[in-house]
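Comments concern the structure below.
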C-alpha cells in the first residue's frame, strides 16, 4: 500500500509557528532554556473593579462608609494590643516556640497603624474658619500627637532585654481611633443603642480581664499554690483567674480569706475597685436603656395622662377605646406622635430639605399648585401637618366651612352621600387631593358639598387656609394665579342662571348697590334748607340709608362707598354717624 500523503506544507508551518508562540527560548551564559508561555486567565469584573480603584485624594470622615470600614480594622489592631499586652506580661503564654507568631501579629497591627497615620489621616477633610478644606488635606501637620507617640519604637530595646510585650505599651495611646469608630458607627446605625449595650458590656468584660491578669501576677509574686488564696497552678490559668475576678469585682463572695499582708491589701483594693467599677457599669447600662426607650416612655406617659383625663370626666367607653386605638396606630406607623416635635429643633433649611424629600412628590401633583412659584411650594411644605384618622372617622361633613386642604399620604377615604348617607360615590387613595378649593374661596369660606370619611386607617396631610394666606402674601403672582384657577374650578360644572346666583356661588363678585331709600328721597324733596342740597352734592354717587326715629331727634346715616364721618345738621338736629 502507498504511504499516506504528507500534510500540506501550510498546515505544518502553522503548527510550527504555534509551537514557537507557546515556547520561548531564553539564553543565559551560552545556555538556552525553553520556557513555555501561559495565557493569563480573564480577570472577573468584581476583581477588575478592585484593581482599578483609585485611592481618593480626600476623604469625608462623616459620610464616607469606606472610612468607617477602615476604622474598624484600626480598632481591631488597637484591641489586639489592649487585650493581649496584659496577658503576655503576666501569663506564661508567650514562649520561645511561638514568639514568631506573636511578633508577626504585632508588626501587622503596627502596619495598620502606619497606614492610618500617614495615609488615611492626612487625607481627611477638615473645617478651618468655617470652610471645608480639601486641597490641603494631604498635609502632615494634621497628624495627631498621640497617634505619632503610639508608634514610638521601643521595640528596639528587644535587642537588649529580649521580647518584652510591656515595651509595646505606647501602642495603647491610639485610643482616638476607637472612640472615633464608635461615633461614626452609631451615626450610620438605625438602632445605635444595640451597639452601646455591646460596648458597655465589653467595658465590664475588659475590667474583669485586667483583674484576672493582676490576680495571676499577684499569685506568681506570692508563689503559685503557696497559700489557699493564690492560684494553685492547676487547670487553665486564665479561666480560673477570670473566675476569681468575677467573684471579686461583683462581690459574690465565697473566696478563701487572705493570710498575708500583700493578700489582704490586694483583696481590699479589689473590693473597692470592684464596687466602684461595677456601679459605674450598671449606671451606664441604665442610661443606655433609658435613652433607647425614651420615646416609648414618652408615648406611655401621654397615653396614661389622656386615659386619666377621660376617666376623670367620665368620657364614654367607646370614645376612650377609639382614642387608645389612635395612639397605638399612630405610634406603630410613625414611631412618634407628632413629627413637628422632632423637626422643630432643626434649622429652616434642613426642615425644608426633609419636607421636600417626604412631601414634594405628592404636593407637586396637585393641579391647583401647578404653575405656581416653586419657592412658594417649598414654603408650603413646611406647613403641612400629618394627621391619622381611624376607620369610619369623618374627615369633613357636608355643609361645613372648608378651611383645610387634604392630601392622602397613606390609606383610603370615601366620598359618601345619598338619602341614607352611606352611598359611596368615589374612593380616593394615596396621592389624591380633596378640599383644595376651600383654601381660596372668599366670602367666609366654601361649604363642603359631600361627606368624606376614612375607609380604613388613613394618614393625611393637612394644609390650613390661614397658613396658605400667610405664604401668599409674599407671592402676589401665585396668588392671582390660584384665585383664577379656583374661580374656574368652581364654575366649571355650574352655570348660574343669574348674576345673583353667580355672586353667591363664587363669593367674589360685589353685589349690586341697593336703591336709595324712599324715606330719604322724601326728606330731600322737602327742601328744608341748603344743608341737604350740599350733603347730596358732597355724597353724590354714595348710597345712604337713613333711619328716622319719631321718638329721638336723631338720624343714623350710614354712608357706603366713602369714608365715614360725623356731620351735624343744626337746623333739624340730625346727626349723621
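Here the Cβ of each residue, glycine as well, is placed from N, Cα and C on the backbone.
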Under TrEMBL, the annotation transmembrane segment belongs to which of these stretches: 19-41, 42-64, 65-87?
65-87
Averaged over the domain 'Cyclic nucleotide-binding' (368-472), what pLDDT does the prediction give?
83
Any contact between the transmembrane segment (201-219) and the transmembrane segment (99-119), i.e. 3 or more CB pairs below 8 Å with pairs at least 6 residues apart?
no
